[in-house]
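Peer 1: TrEMBL lists these features:
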- 11-177: domain '6-phosphogluconate dehydrogenase NADP-binding' (DOMAIN)
- 180-306: domain '3-hydroxyisobutyrate dehydrogenase-like NAD-binding' (DOMAIN)
- K186: active site (ACT_SITE)
Amino acid sequence: MARNLRAKIPASDTLIIHDRNKEATASFMHEVGIARDSPTSNNQMGLMGIEIASSPRAVAQKAEVIVTVLPEPSHVKNVFHNILNPPLPPLTSSSGASERLFIDCSTIDPTSSREVANAVHCTAQGRFVDAPMSGGVVGARAGTLTFMLGASSRSGGLVKRVTPILALMGSKVLHLGEQGAGLSGKLANNYLLAISNIATAEAMNLGLRWGLDPHVLGELINGSSGRCWSSEINNPVRGISPGAPAEEDYEGGFGVELMKKDLRLAMEEAMRVGAKVEMGERAGDVYEDVEASEKGKDFSVVYRWLGGKMV
């Protein structure tokens, strides 16, 4: 996502980044063409249009638009507490923007997101929207993510301001409603994804154990009524989906622990509104067991946990 931003924002703009994982930062700098052993002063990075900040607050102090992506609700709350306290200095922007824009792309519960939004708005330190995304690592790299936007339509121009920014990192931006609605949409989507991923793994394993050719089976499913993202883009069997984590021993994708977390949040929200969800509890048990033996792997590794036939 950061690479696509740097490639598409004006050359005169600076991309300011922070990640507590220094290896991730070094990997990104290497990917955009700055060698790991290059000088890392702000002046050197500024020449490349990239600056490494020491903290999320350091990013917010300098940036007009701040994009956050974090794993858990507690992480989002903690980061924004540190950003907002003490109050940020007034925004000095050459673009004419009068207030900072905070875009949180984390997948958390809508209630926590609204609490953070309220903290931003009540302290008059900017505007806050939720914009979780779907498309996985493959979509992030290709710039084809789908963003689910929760933003007040009553705040004049807010949706219009956010949409082109998200479009730099994705191919589709859907405004689902007021603040928090983007997360409701994301949790509904990931509830379905959690289940379809297991079903895809089971179906592929069935077919291979019945002696079917995996490539022909994959083509059959993806040309028939069983087709889904898990079968077409993120197939758990090697050789079916180019670029999928299955090609790299299930490395580099959407971690099974993150899928377990998203499913848990969806189940909690389902209970809150009294929605009946029959498949979620069993799927949660599956991901709990998969994480115990395959932590850190892409969630499609459920295929291996099932004893799926390898090719």
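For all residues, glycine too, the Cβ spot is worked out from N, Cα and C.
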Peer 1: What are the DSSP helix/strand/coil residue counts across the domain '3-hydroxyisobutyrate dehydrogenase-like NAD-binding' (180-306)?
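Peer 2: Output for the domain '3-hydroxyisobutyrate dehydrogenase-like NAD-binding' (180-306) reads 86 helix, 2 strand, 39 coil.
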Peer 1: When you measure from the Cβ of the residue listed as 'active site', how many other Cβ atoms are you left with inside 10 Å?
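Peer 2: The residue listed as 'active site': 29 neighbouring Cβ atoms within 10 Å.
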